[in-house]
Each structure stands twice: as C-alpha cells, then as structure tokens.
Amino acid sequence: MKVLVVLLVTLVAVAYAAPGPRGLFINLEDGEICVNSMQCKSRCCQHDTILGIARCTHKAMENSECSPKTLYGIYYRCPCERGLTCEGDRSIIGAITNTNYGVCLDSTRSKQ
C-alpha cells in the first residue's frame, strides 16, 4: 500500500512539474498517445481498432463521419466540431460497442 501511495505522489509531482502549458498527461497535442479524451486539447482521443493505440486528433468536420458520445472516453470516430451536430442512428447496443456513427451536419444550414 505504501508503494502505491509513493508512486501516486511521484506521478502527481511529475505532472505538476512539467514546464509550459502542455503537460505530460493533459493538454496533449494531436498525434500524441492518450487514454482518455479529456487529456487532449481537441477533446478527442481516437483509435482505429480495439487493440490499436489511441491518439489525440481533431474533431470531425462538416460531412465527416462522427460519434455523438462515448461511454469510455475513447472514440472510433471523433465528435463534431463546435456548431455541428452528429446526425445518425443511435442504439443502446451501439452505445455499448461504441459504434453509433453519424455524419456532422450544420444544424442552422439544414433548417434553412
């Protein structure tokens, strides 16, 4: 138990000692390895396969494939950029398997 506490304290100290605005565990740039979308500046941690390495990447642009939400913090398809909505079918099974895909659409443009 002591070893775990010491390891945790050391990990936190290293994270806070990181120079500049970019940390070791947060504010990661596109292309850097991540384990959760909250670590990325873009707020999208994506992998291609279940065993693939997840990396930070930009959010989906208009007319690109997207995922509306994730239960796990890692996407197969990133959510849409600000101002766009991910339009597509949603199901409980798709939410669990992280396969609820849609297409990013500009909701203001589609109403006109």
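Cβ from N, Cα, C; glycine included.
Listed in Swiss-Prot:
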{"type": "SIGNAL", "residues": "1-17", "note": "signal peptide"}
{"type": "DISULFID", "residues": "CYS34-CYS45", "note": "disulfide bond"}
{"type": "DISULFID", "residues": "CYS40-CYS56", "note": "disulfide bond"}
{"type": "DISULFID", "residues": "CYS44-CYS78", "note": "disulfide bond"}
{"type": "DISULFID", "residues": "CYS66-CYS86", "note": "disulfide bond"}
{"type": "DISULFID", "residues": "CYS80-CYS104", "note": "disulfide bond"}
Practice task
Output, ordered by sequence, the same-chain residues six or more apart from CYS78 (disulfide bond) with a CB under 8 Å from its CB, or 'none'.
Solution key: SER42, CYS44, GLN46, THR57, HIS58, LYS59, ALA60, CYS66, SER67
Practice task
Could you tally the C-beta atoms, other than its own, that fall within 10 angstroms of the C-beta of CYS56 (disulfide bond)?
Solution key: 22
Problem - Distance from CYS104 (disulfide bond) back to CYS40 (disulfide bond), taken between C-alpha atoms, in Å - result: 20
Practice task
Would you mind sorting out which of CYS56, CYS80, CYS86, CYS104 (the disulfide-bonded residues) have a C-alpha within 10 A of the one on CYS45 (disulfide bond)?
Solution key: CYS56
Exercise for the section: Give the sequence-ordered list of residues that share a chain with CYS80 (disulfide bond), lie 6 or more positions from it, and have CB atoms under 8 Å from its CB. Expected result: LYS59, ALA60, MET61, GLU62, SER64, CYS66, CYS86, CYS104
Fill in the blank from the handout: CB contacts under 8 angstroms to CYS34 (disulfide bond), restricted to the same chain and 6+ apart in sequence, sorted by sequence, are LEU28, CYS40, CYS45, ALA54, ARG55, CYS56, ILE74
Fill in the blank from the handout: CYS40 (disulfide bond) has its Cβ surrounded, within 10 angstroms, by a count of other Cβ atoms equal to 24
Completion exercise
For CYS44 (disulfide bond), the number of neighbouring Cβ atoms whose distance to its own Cβ is within 10 Å equals 25
Handout entry: Packing count at CYS86 (disulfide bond) (other Cβ atoms within 10 Å of its Cβ)
Key = 22
